[in-house]
Amino acid sequence: MTAHSTFRHLLALGRVKFLLYSPILYTVGAIIPTVSGGAIDASRFIHGVLFTWITHLMTHYSNEYYDLEPDRANTSPSPWTGGSRILVKGIMEPRHSLYIAYALTVVSIALALLMPTNSARLLGLAAIFFSWQYSAPPLKLEAVGMGEFTVTLVLNTLVPLLGYCLQSGGLRPHTLLLVLIPLGIIEYIRMMVMNMADWESDATTWKKTLVVRIGIENAVKVHGIGMIAAYLSLIPLYLAGVPGVVILALSTTAFMGLGYAWRLQRGAWKKKETMWIIPYVASTHNGLGGSAALIGMIILKPGFSFFALELFPLYLYLGGFLLLRALARRNRNQASPPPVGVTT
């Protein structure tokens, strides 16, 4: 393998496209102490983003190693589920993925310990612990039906609380933190969708996810209830004092979320070709939910600058989305057969 192909395979193994989401959720927390005025502390913001990315990436390499058996059992993966396929195809040795995860863990722990407050350090170390235990022994939380909870705990609770803590200097109650409730529900049911796509192959291995344990039909019902609950929760949030502009911003994603939830209720989960795309829709909806909450808070904040740090994850998400679309289009064109009569 050339250096270029090795690097490309390492990126694929790390599933870096999923790293577009975590800075959004981190910034949702980071902006809250500044919504009444003031700028985000740049050094603390960058410190937190680097920690979030390294920890997120560490989890991917760890999962690729520990999920190898379920990934091998999956004969119908999609670009969003079933792992990267790098280890399944034998392109790289499994131990290399584990070594990378170990190295990233060391960096992540160092970044956590260098944080300025004890509360931030504890949040960081907790995020590392639960990220590892998602698929790694001894807990293997995904295998006991707690994978969705673990992802929600780390990405939608600990990460935004870390952003908030780094900017505020500690963990103090704030009304805007309530937006983590609907965002957490959306993340939880989005992870259910990811596991719905793999439930048949997972059931043949040790990976007894929540979807496997309660059954696919019950999982679809829970998903529908969860989607409705996420948007109904905006009513008590508004009554509790969350500003209307944030509530309105979040509600703009309801059509997309309820739309794909309805497709699942109508039996979309029974069709492989549909479940090949719905995890992408669920992931996009999840990213847009966090983006909407962040945009609502940016509108609340006095003054506006296109160069403000709180806009960074939105630029990144938009740029990443457009890049992934362009790459997918290029791959489709390369895979298309030449027109009749045209030789290659």
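The backbone N, Cα and C atoms fix where each Cβ goes, glycine too.
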What range among 58-84, 274-300 does TrEMBL record as transmembrane segment?
274-300
Mind pulling out the one from 99-132, 176-197, 274-300, 306-324 with the most Cβ pairs under 8 angstroms to the transmembrane segment (237-262)?
274-300
Is the transmembrane segment (274-300) packed against any residues at least 6 beyond its ends, judged by a Cβ distance under 8 Å, and which are they?
18, 20-21, 24-25, 27-28, 31-32, 35, 76, 78-81, 176, 179, 182-183, 186-187, 189-190, 193-194, 196-197, 243, 245-250, 252-253, 256-257, 260, 263-264, 268, 308, 310-311, 313-314, 317, 321
Who are the long-range neighbours of the transmembrane segment (176-197) in its own chain, taking Cβ under 8 Å and residues 6 or more past its ends?
25, 28-29, 32, 35, 78, 80-82, 147-149, 151-152, 155-157, 160-161, 164, 209-212, 216, 219-220, 222-223, 226-227, 229-231, 233-234, 237, 240, 242-243, 246, 250, 257, 261, 264, 269, 275-276, 278-279, 282-283, 285-286, 289-290, 293, 297
